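This report concerns only the one structure given below.
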2 protein chains.
Amino acid sequence: MRTHLSRELPALGAGAAVVVCGWVQRRRDHGGILFVDLRDRGGLVQVVFDPARPEVFARAEELRSEYVLEVSGILRQRPAGTENPALPTGAFEIDATGLVILNTADALPFPLDEPDIGEAVRLKYRYLDLRRAVMRDNFHLRHRLIRTARRYLEDHDFLEIETPMLTRSTPEGARDYLVPSRTHPGHFFALPQSPQLFKQILMVAGFERYYQVTRCFRDEDLRADRQPEFTQLDIETSFLDGQAILGLMEGLVKAVFRETIGVDIPIPLPRLTFDEAQQRFGSDKPDLRNPLEFVEISDLVRDVEFKVFAAAAQDPKARVVAMRVPGGADLSRKALDDYAAFVAGYGAKGLAYIKVNDPVAENGLQSPILKFLGVAVVREILARTKAQAGDLLFFGADSARVVNEAMGALRLRVGSDRGLVAEGWQLLWVVDFPLLEYDEEHRRFQAMHHPFTAPRSDDLSYLLTDPGRVRARAYDLVLNGTEVGGGSIRIHEPRLQEQVFGVLGIDAATAREKFGFLLDALRFGAPPHGGLAFGVDRLCALLAGAESIRDVIAFPKTQKATCPLTEAPSTVSAQQLADLALLSTAPRV
Amino acid sequence: MRTHLSRELPALGAGAAVVVCGWVQRRRDHGGILFVDLRDRGGLVQVVFDPARPEVFARAEELRSEYVLEVSGILRQRPAGTENPALPTGAFEIDATGLVILNTADALPFPLDEPDIGEAVRLKYRYLDLRRAVMRDNFHLRHRLIRTARRYLEDHDFLEIETPMLTRSTPEGARDYLVPSRTHPGHFFALPQSPQLFKQILMVAGFERYYQVTRCFRDEDLRADRQPEFTQLDIETSFLDGQAILGLMEGLVKAVFRETIGVDIPIPLPRLTFDEAQQRFGSDKPDLRNPLEFVEISDLVRDVEFKVFAAAAQDPKARVVAMRVPGGADLSRKALDDYAAFVAGYGAKGLAYIKVNDPVAENGLQSPILKFLGVAVVREILARTKAQAGDLLFFGADSARVVNEAMGALRLRVGSDRGLVAEGWQLLWVVDFPLLEYDEEHRRFQAMHHPFTAPRSDDLSYLLTDPGRVRARAYDLVLNGTEVGGGSIRIHEPRLQEQVFGVLGIDAATAREKFGFLLDALRFGAPPHGGLAFGVDRLCALLAGAESIRDVIAFPKTQKATCPLTEAPSTVSAQQLADLALLSTAPRV
């Protein structure tokens, strides 16, 4: 219907006869003339309706916001002084000689340029919400992200292969979404939490390099930024070790940053072991833009009078750390109390501190615990933390878990409160995760990633003797403190896989029932293989600067897992349930 | 682990030190030397283990089929006369100096080169089945198909946008797969049969050009080549009319043929109206490789003595057609009886024929019906069908539906039986489908495509007076007699949409309950829009020459909608059902 998109107009130059189509973004009446900003997928262009053409002008007077138009006219320079340099087409306007109103629009439930619409309304009228420039830009960025990743992988000989959505329920990890089978009453498919087993099967099949951008499903209670369905860039390779895989993926990440936000990421990316990340940042996904770090002082405080420190320092499962806050000596009593309450939320029993007004002067320090530490120890702490005049030291002393969680959270909070977090993009790999974590409640080991993750070969000897000590060949990609990807080298030997199932307390019969096909597959020539998956929604939200992944998903669910647009989920007919041999026990509403 | 893929070796030339990885495709012992064909994702290469290196040789003697190896060695020319020109690496071999057995393999349940494995076994051991060259080639073709389509669409400014998998059940068309909601007991999501409503919403949102390669779901009883989940290349555009959309799509199809099978498809593709396709071929998806055609003779036989013909000729809902089979006069009595039984399966009450031994000679014709037609009529039939000596004419006379179905099926069968179907690729668009079809059982009109399809504007006046006469702005793409895509221009005006719902007997309340969000969306500035969807599995199967779409789906379901690999669907725990507020009424097995 149109001859050109608005963005193509400047290249034509004044005098061109054009037909454009789009929406009325804004209408202004000025000096008896009618100006319309017409919006199409390429941008905006100003259309002028002149009363000198009475028929067209009369029709133009009917125009309201979001009417859909086909406008024919002549492109011309805007009069000097009326150009809009903010607009790519801002030197031009269309002198309208014809107008077709392709569709009208009712008054909108909210103005498109209103920034603070409630999310429920935005999702109900998603087709309006998505017209906003910020949303449109998000989906263009998402498109470029996925396109770039695909092309990179295709250029590196990866094959896109689709895996099933209707698959088998394996009640490990999160809760499955179930799909009743009509042809097999009493039987259910499950929607995949990830294509993990299928991609390993594809490696056994010899494809060597697989990728897929695919939907995954978890029926979990939704935390802040989770969705029941989410998109994963899923990758698996054969005959590559962890180093080679990380290298390949760094190239991918670099390409994505370049093509989405024009940022050049230096590679190789830094790598931190899980242990070091915990020691220095109390986190397995440290935000390296935040300069705050823990300093271990357990060895300094083993024998101090302050029992909280001494006890933690002497307990091999506990730790004592200091965290220096540059310039933090100006924190008020109230601020310190607030932080103490904050860490209490993470299980810390208190929040010791030292204000370093002057590290060398007599009475230059301020703290309730000074006298229980002793001058010599305090001096060593100041030296080790490199405390300067005006700084403040926070202390954490508790089980390593509580210290890491509480002080890790405090690190983020203080860094943010005090504007210490640098601009920019900090990527890193966290590697050498523990293979297992101990589940205190069920008194058994669980796989930290999943039960198919390969142990490091130099830790194999501990597998049966000291399983908690075994490190995995697993890696996470962390961007500005958020995990955006993760994976591992997998077990390719059936005997080792059976051993790991044993350590996890999965007996042979259960293993066979749940994963029999994988165990079988490993017996028929499985190559060494490994891979990873990126969380597309989360990566996209970060790159777009969106507050929520819901802003980079076209039709997301609410926190209550509903869709305000379609009003899903909904009730279904009795016949539909009967067809599935199911009865609902839900109370009728 | 490797330095090169097998396919990269020829470029290196003899003397290169290489490391290759892969599977033992074949092992031969010849003159005390051990030869292994090593298979990697790039192809095959011959590895030679010489007893002159006793340590490596001893390890090589352990090798069995499908063992996984890392071989180091020196590339060398094969001795003159032992080259294998069928293999890209066939001029070379690797003189192995090192061998690591990365994994062993049990004896396979079936030999990989055995062509006739039962499908149940193939699907259970899919990781072995997929190692076969024909299967690997299928997935490479599928990859190229999808990649080409994506790149074409991206080059034409289409945006990839993902639509939900967990959506609302709309019990129109096929049966939905339901997904119980745990957080909303008694409520259910449905897996999408297509993203139809969402892609229209995306047009209302202003994206203008959308595409997605996406999974769709239908819980139907599976016919020959259906799957519960299938892949659709889904496309929607705004501000384009049908002609422009077909033109864009022809470019896509041309690119796909070129990049998948190297065939240059001439475009624009032929277009047939639905009416003409029915008249000439009795089908809305005619295979144009088949030269057989119907010739309408109703006007010739209105008054003949043969009541079957005369009655049909006089009934406006019936028709009489002749179909000339070149050279068909040699068909035996038995063959003719077989064909008569065949069309009876489609509701035909008989199968009249004329053998044309000589069209001009006295007694040159052979047929039980000659005397009931009369000489003059027969002469006109021979002229109109251009019957030659040696031909045979088949006749169909019945309701148009029965003639089209029975004679359409006969056309395919005879074309195939007699080797009349040409090689090659015949693509065409079938256009101008009826908007509605009359459902005799429920005595009401149904949408032929879906209720959002736009009527042709020149037929709008019949919408309320003679709905069956209204043609839709709908189109199907047909390849060699199979529908591989289809779509339409959609209704973008709320009033017209409500009218069509009215004709379909969908009352306002029902329309609002089911499609309220679409009706709302149309009120807020919906652009003219339309699109289509390609069936990726079917198109891929045709291009690959695969017998079934199951051969181009990595992990397909059986005809009984089960997965022999994972044994899905499966029973689930009582707790899982209780969490969903569901009881199974299925008898326990």
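Cβ from N, Cα, C; glycine included.
Just so you know, TrEMBL annotations are computer predictions that nobody has curated.
If you look up TrEMBL, you'll see B:Glu172, B:Arg218, B:His449, B:Arg490 marked as L-aspartate binding site. The number of other Cβ atoms within 10 Å of the Cβ belonging to B:His449 (L-aspartate binding site), over all protein chains shown, comes to 20. Classification of B:His449 (L-aspartate binding site) by DSSP places it in coil, neither helical nor stranded.
Counting only same-chain residues at least 6 apart in sequence, those with a Cβ under 8 Å from the Cβ of B:Arg218 (L-aspartate binding site) are B:Ala174, B:Arg175, B:Tyr177, B:Gln193, B:Arg226, B:Pro228, B:Phe230. Secondary structure at B:Arg218 (L-aspartate binding site), as computed by DSSP, is coil. Taken from TrEMBL, the feature ATP binding site applies to B:Arg218, B:Asp219, B:Glu220, B:Gln227, B:Glu483, B:Gly535, B:Val536, B:Asp537, B:Arg538.
Per TrEMBL, the feature domain 'Aminoacyl-transfer RNA synthetases class-II family profile' maps to B:139-556.
Counting residues 6+ beyond its ends, the region 'Aspartate' (B:196-199) has Cβ neighbours under 8 Å at 163-164, 167, 170, 210, 212, 234, 236, 450, 452, 515, 517-518, 531 in the same chain. Annotated region 'Aspartate' per TrEMBL: B:196-199, in sequence order.
Taken from TrEMBL, the feature site 'Important for tRNA non-discrimination' covers B:His30 (among others). In sequence order, the list of same-chain residues 6 or more apart from B:His30 (site 'Important for tRNA non-discrimination') whose Cβ falls under 8 Å from its Cβ is empty.
Secondary structure from DSSP puts B:Gly81 (site 'Important for tRNA non-discrimination') in coil. The number of other Cβ atoms within 10 Å of the Cβ belonging to B:Gly81 (site 'Important for tRNA non-discrimination'), over all protein chains shown, comes to 5. Sequence annotations record features per position, and here TrEMBL assigns site 'Important for tRNA non-discrimination' to B:Gly81 (among others).
The DSSP secondary structure for B:Arg538 (ATP binding site) is helix.
Recorded residues B:Glu220 (ATP binding site) and B:His449 (L-aspartate binding site) have their alpha carbons 17 Å apart, per Cα-Cα distance. Looking only at other Cβ atoms within 10 Å, the busiest spot among the binding-site residues B:Arg490, B:Arg538 turns out to be B:Arg490. Listed in sequence order, the residues of the same chain lying 6 or more apart from B:Glu483 (ATP binding site) and placing their CB within less than 8 Å of its CB are B:Asp284, B:Lys285, B:Asp476, B:Leu477, B:Gly535, B:Arg538.
Separating the Cα atoms of B:His449 (L-aspartate binding site) and B:Val536 (ATP binding site) is a whole-number distance of 19 Å. Mean predicted confidence for the region 'Aspartate' (B:196-199): the pLDDT average there is 96. Annotation for the binding-site residues B:Glu220, B:Val536: lowest Cβ count within 10 Å of the residue's own Cβ, B:Glu220.
In this structure the C-alpha atoms belonging to B:Gly81 (site 'Important for tRNA non-discrimination') and B:Val536 (ATP binding site) are separated by 45 Å.
Straight-line distance linking the Cα atoms of B:Arg490 (L-aspartate binding site) and B:Val536 (ATP binding site), rounded to a whole number, equals 22 Å.
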